[in-house]
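Here's the structure, in structure tokens; my notes come after.
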Amino acid sequence: MSGAGGGGEGGGPGCGSPAAWRAGWSLVATAALCLVSSASVLAAGAAPMSKEEKQRLGNQVLEMFDHAYGNYMEHAYPADELMPLTCRGRVRGQEPSRGDVDDALGKFSLTLIDTLDTLVVLNKTKEFEEAVRKVVRDVNLDNDIVVSVFETNIRVLGGLLGGHSVAIMLKEKGEHMQWYNNELLQMAKQLGYKLLPAFNTTSGLPYPRINLKFGMRKPEARTGTETDTCTACAGTLILEFAALSRFTGTSIFEEYARKALDFLWEKRQRSSNLVGVTINIHTGDWVRKDSGVGAGIDSYYEYLLKAYVLLGDDSFLERFNTHYDAIMRYISQPPLLLDVHIHKPMLNARTWMDSLLAFFPGLQVLKGDIRPAIETHEMLYQVIKKHNFLPEAFTTDFRVHWAQHPLRPEFAESTYFLYKATGDPYYLEVGKTLIENLNKYARVPCGFAAMKDVRTGSHEDRMDSFFLAEMFKYLYLLFADKEDIIFDIEDYIFTTEAHLLPLWLSTTNQTVSKKNTTTEYTELDDSNFDWTCPNTQILFPNDPMYAQSIREPLKNVVDKSCPRGVVRVEESFGSGPKPPLRARDFMASNPEHLEILKKMGVSLIHLKDGRVQLVQHAIQAASSLDAEDGLRFMQEMIELSSQQQKEQQLPPRAVQIVSHPFFGRVVLTAGPAQFGMDLSKHKSGTRGFVASSKPYNGCSEIINPEMVMGKIALMQRGQCMFAEKARNIQKAGAIGGIVIDDNEGSSSDTAPLFQMAGDGKNTDDITIPMLFLFNKEGNIILDAIKEYEEVEVLLSDKAKDRATIFKGKMLPNYIFDSNLEVENMEQKSFENDSENQKSEKTTSDSQDLSSVSQESMEESSPVSQPDSVPPADVDSASILSSKEDSCPTENHETAIHDSECTELDNQPQEQSKTEEESSPNVSWDNKVQPMESILADWNEDIEAFEMMEKDEL
């Protein structure tokens, strides 16, 4: 998600007044950059960063971009995205389906289009001109493929419009793009018309998917049966569609986008002024009634404010301010932002947050509400310092809920805008940390790989287009001075994908009449405009330590871990009623607790097997408030039960290839075993060369003990129990074992990991570590053996710092991180060892449900069936969650089931999707790279590292 790029001059004392906001177009530029006027206020407490250091970091961002973009163009183009671990392009239909995530791919060279205006921001005009020629020549928008309307709009349509915006700017300057004749705009118009059939609904809300070739027609289209869409999916169209209308003079695009926004506004919950996550596109009924600022809603709020900035229509600002007041009243629980129910906004809908909300501090900067922006950003930064990256979801006590991190840019975006608003060099140091973590943990020879699990450091074969479109743009702008950019960035606004749209569009082709529909639904007084584009006197009231004073109380919020629960304002006073009973405190033997349950309408049923069931009937509660407390208690009990079952499982482990030429750069996600050495208690892990056992299944006595002795034995899954394999290789002298899945094509990218169970017998005799790799990850090791014969790996609980792995060994400097000073090897080893000890103090005590299956991983045996892992009991209580009993009655519209099913829109889903292949203008065959080519890439990588280190010295 993205904040505004800003524009014009302004920020005077009267900038925040409602009258000034309502003045229309003349203050559009002021609205976009009023926040930037505060950049001259330098907060004390953080030492200013030298100009030389800023320049060095800016150059490092450029080198990182070249590494990512160059590998995409060499190994992936014209495919949509790069697969950085296998050095090839991701082509839809040729790789295992990842569910909804693949709906962004349309065989239209997604990454190249998404990166166009980034090239110009980074002053790479020659590369930009070449890229535009490639897009115009090669890209086909008429493929028989079903794509996401939302993703195609923000990434492809936005990318084409952003590219057109900077192309005409360069042409006007007279040096570049003199041949350009609106080719990108014509492609954008073609794509716009292809998306319009999705709006053929009674509500005006678009279908979530469309076929680029056949539209919504059946059966060729293979879509059009959906009934639901997310609020952000329908509400994140106005910037791109309005820009397309104003660039071309064709009003239909802006009209359709406005109609969708108007419908969402009409359907908001009138008493709370909140919107839900998912809505029925035909009836307008809310399907998911929880509300927040993260996944599913995020950019809807963003586009309301930015639509005002770009288009000058004050109804969008009034709507945003109405929603913002509700957000700060109900969802904001500083420094947390927690989802609530739209009909019962005092009731939390879940106890975890997703990473997409990291854009919100940047939006608050544009709004002018700096204090909560600083608070939430600092909380997120503390989570990053604990896990190196922001997990896809984390709990209110800052434990990992979903462990993936697909290199999202939202936190970098908010960091950039907070620096623009405060001028505080602290945010430059935050940006430096982001750069270091990307180079240290995500950089691989063929680009940057998403994190499969932030706890282990394992990678996923994925580099999304938004990484190039947004991450490098915000990081470069963070460290760049005005003279480093070849145009005035303040003349543009950023879309949610960080594409640039010029602010002069607000006065061009205004074919849509401005009708203020907001006041039909709500009356706004001047208090609704408080904190809108304030001047620096309000932001920093005579106190240069302002920003630091807000951050300071949050410095240890993650390590202290753990508010025992979110306490609302009305519960924080000493007098008054006691706070409601929380699930974590409940004891079935406590008479007082049982009385409270009865008051909340919760019944306790003792089962014959000794367990306890809890059932709530809202109509039996003493009052509506007690019924709300009962609903929350039941929801908490369900989550607590799930969490405690989850904690009985082992987290995933890591297999790190440390031999030449990998040197620890490749980290594979591995499944743990319920027997053998516990790698979490052996921080150094087990390191050794690998060797295949004979027989390869490891199910009988090993006949090549001389090959596996002192090594880590490789075995194939099947034909016997895991424990039997472990005993056989241990007897042969192996120091560890890796079992490779025999299911061709299986991968941790698409399948949940699970544990290797024992054989139902005592397994204390097994002392070596055992790990499981899916077929795809296992083949990476097997291919390396074919190429290099001797391959050394490290089995550990999580990936190790390369400086720690090679401590004391005489190895080239490039093995270590590019951002470290090159002194002598002893000093480097000592410094990195200190860092590693610090990082090892941070241990993960939670488990990612999406990464590790609750099902034990067991082999079939003709002799005996292995014992399964018994389910966990939580305080001897189980939850009866049938629709009839555990859900509220009809007059309660919030359901416990909603909280259980909540998930990110782009979480991979297990589903089978097939796409009919079209005939594009260019070849879509996978480019499988030989090992020699990969080595050549690494040599280039090495040379770049060495050059950077010389610059540092």
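Each residue, glycine too, has its Cβ placed from N, Cα and C.
TrEMBL: automatically predicted annotations, no manual curation.
Taking the Cβ of Glu151 (active site, proton donor) as reference, residues of its chain lying under 8 Å away and at least six apart in sequence are, in sequence order, Asp103, Ala104. Annotation source TrEMBL lists active site, proton donor at Glu151 (among others).
The active site annotation in TrEMBL covers Asp298 (among others). Counting every protein chain shown, the Cβ of Asp298 (active site) has 27 other Cβ atoms within 10 Å.
Every protein chain considered, the tally of other Cβ atoms within 10 Å of the Cβ of Glu392 (active site, proton donor) stands at 25. Among the features that TrEMBL reports, active site, proton donor is placed at Glu392 (among others).
Feature annotation from TrEMBL assigns active site to Glu410 (among others).
Feature annotation from TrEMBL assigns Ca(2+) binding site to Thr496.
The feature compositional bias 'Basic and acidic residues' is assigned by TrEMBL to 827-843 (among others).
Here TrEMBL flags 850-878 as compositional bias 'Low complexity'.
According to TrEMBL, the compositional bias 'Basic and acidic residues' annotation covers 882-900 (among others).
The annotation domain 'PA' is assigned in TrEMBL to 693-780.
The region 'Disordered' feature in TrEMBL is assigned to 827-929.
Annotation comment: TrEMBL describes 1-43 as signal peptide.
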Applying a 10 Å Cβ distance cut-off over all chains shown, what neighbour count does Glu410 (active site) have? 26
When you rank Asp298, Glu410, Thr496 by Cα distance to Glu392 (active site, proton donor), which of the recorded positions ends up on top as the closest? Glu410
Euclidean distance between Cα atoms of Thr496 (Ca(2+) binding site) and Asp298 (active site), Å: 10
Quick note, Thr496 (Ca(2+) binding site) and Glu410 (active site): C-alpha atoms separated, nearest Å, by 10
Taking all protein chains shown into account, the Cβ-based neighbour count within 10 Å for Thr496 (Ca(2+) binding site) is 28
